[in-house]
Amino acid sequence: MKILRIDASVRGDTNEKHSYRSISRQLGNAFMERLEMNKFHYEIKLRDVGKTPPAFIDENWLAACFTPEEKRTTEQKQALALSDELFDELVWADTLLMTTPMYNYGMPAALKAWFDQVSRVNKTFSFDLARGDFPIAPLLSGKRLILLSSTGEFGFEAGGVREQMNHLAPHIRTLCHYLGVEQLDEVQVQYQEFADHRHQASIERGFAEVKAIADRLSDDAVVQRESACA
Ligand SMILES: Cc1cc2nc3c(=O)[nH]c(=O)nc-3n(C[C@H](O)[C@H](O)[C@H](O)COP(=O)(O)O)c2cc1C
């Protein structure tokens, strides 16, 4: 498995005060530790957009995208350098491990900047009006997304009291479809701002779910190896 881990919290995971540590990053760590424990074979690339946010795209970036590759100036190639690097990482990966907080009911701006940089016409998606009202189609396929997130409030799940205010996972799901994601696992810890027994229960459930996903992937890999040997 080739994992591209994208971390989006501005908080780190090493603060000496435990409650200041990013929960979403800790979920990601627990996932990786579980794979290690299961002796699961993987390769990993790290992209920490929380600590090093990608630049926002601008008019030069857009003009460069729409200039055929062989006609791009040195400045245009430079404008797309980060985008190309992020795109190559995406293509390399078969699994996206994305850890993110909810900020202002959606994703952090740094993570949106990553999506804006990596989503490219004729690279991640094609645009063809012959498709009628849905001209955009993904060019990549077969990827898995493991989305681990944390929120301060609660009730963002289907049927929850804040379902309509949840612009985090629904937005990421929509965007990831156009990055070739076809399988999705999602874990969310809620109630961080309440710091009460409900938060504690949500943490326990979240970490248990993360470990279960890692175990399932490890079991699948064993089955695949065995059937390849049979
Ligand atoms: C700038 C900012 C905006 C936030 N906006 C929301 C929000 O809209 N809804 C919510 O439930 N929690 C919100 N929170 C709380 C975070 O989602 C919560 O603290 C979460 O645990 C952060 O993720 P982390 O622990 O991985 O850093 C916000 C926190 C910050 C710092």
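Keep in mind that glycine also has a Cβ here, set from the backbone N, Cα and C atoms.
It should be emphasised that the depicted structure is a prediction, and the values quoted were computed from it without experimental measurement.
Among the features that TrEMBL reports, FMN binding site is placed at SER9, SER22, ILE23, SER24. Listed in sequence order, the residues of the same chain lying 6 or more apart from SER22 (FMN binding site) and placing their CB within less than 8 Å of its CB are ASP7, SER9, ARG11, GLY12, ASP13, GLY50, THR99, PRO101, SER150. DSSP assigns SER22 (FMN binding site) to coil, not to a helix or a strand.
What TrEMBL records for 1-209 is domain 'Flavodoxin-like fold'.
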For the domain 'Flavodoxin-like fold' (1-209), the mean pLDDT of the predicted model:
98
How many angstrom lie between the most widely spaced Cα atoms of the FMN binders SER9, SER22, ILE23, SER24?
9
